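Inspection log for the structure reproduced underneath, given as structure tokens.
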Amino acid sequence: MEPTIVVHGGAWAVPDSLAEASVAGVKAAARDGFAILKIGGSALDAVELAERALEDDLAAFDAGCGAVLNTDGEVELDGKTLAAGAVSSVRNITHPVTLARAVMEKTDHIMLTDRGASQFAESIGITTVPTDALMTESERREWEHYKKYAHTCCQGHDTVGAVALDHRGNLACVTSTGGIRNKMVGRVGDTSIIVSGGYDDDQSGAVSCTGHGESIMKVTLARLILFNMELGKLARDAVDVSLAYMGERVQGGGGAIAIAPSGDWAARFTTQRMVWATAKGESLFYGLDPQDMFEEKLSK
């Protein structure tokens, strides 16, 4: 089995001012995750490492430090790793993906939220930080600008995710997000909802989604994509038909990355842009605009 990892940095109207940093961020994350796969590491370890790199990338993404703020000017993060652990509405965790993995591996539950998630993090030694440590001055200024537009959606640089196939044939997916700017306090989007923001089945494939969370939840987008892959569609076609369905039924835009047990993979979107990167074999593929498929050799 040829190890493969695909990462995304969110489907939205990525401005030119963030384009270079966003592309560099997903390429670096894909390289980090692929380095684990190349030495025989697990798909789960690879996607967690890639996701942590994306969560730490303040220059391009907002799934950790620098996250968008809710109507009260607070950070609330969601994260998920399958199968299966999730956290939502956490305010003092730098890496929600690592906490979500701990929920999967160290508890009998699938999802923890808010205060309970923070208590669990402290009980197992995951470092918590003051909420203010996750805020940046630039995001504070954006929040001040947009707060007069109550519950305005789709502002901010959104969700990050990764899917991987390791040499044993195991699949894994992770997704984490800072949400949408000026969201209602307590709002939970698709990211931490299993079968919506992401899903993983070694017999079918692994998917990580991004876009308008409420639309994604209405059509359970990740599971819909895998359903189409189970019907025999290639990953690319399965993502395309599922995104088209979401657009037709609920007028929602978004994107997804997917990988099949065979190693067939896709990074597709219906928004203006989605930054993504794939590492496989000796090559790194990446893109930002529709139809992009750039390739460069991975350094040995």
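Placement of Cβ uses the backbone N, Cα and C atoms for every residue, glycine included.
If you check TrEMBL, you get these features:
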ACT_SITE  Thr159  active site, nucleophile
BINDING   Arg187, Val188, Gly189, Asp190, Thr210, Gly211, His212, Gly213  substrate binding site
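Feature annotations (TrEMBL) mapped to structure.
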| residue | record | Cβ neighbours (10 Å) |
| --- | --- | --- |
| Thr159 | active site, nucleophile | 35 |
| Arg187 | substrate binding site | 19 |
| Val188 | substrate binding site | 19 |
| Gly189 | substrate binding site | 24 |
| Asp190 | substrate binding site | 30 |
| Thr210 | substrate binding site | 31 |
| Gly211 | substrate binding site | 28 |
| His212 | substrate binding site | 23 |
| Gly213 | substrate binding site | 30 |
Recorded substrate binding residues, Arg187, Val188, Gly189, Asp190, Thr210, Gly211, His212, Gly213 - maximal Cα separation rounded to whole Å: 16
Spatially closest candidate among Arg187, Gly189, Thr210, His212, Gly213, the listed binding-site residues, to Thr159 (active site, nucleophile) (Cα to Cα): Thr210
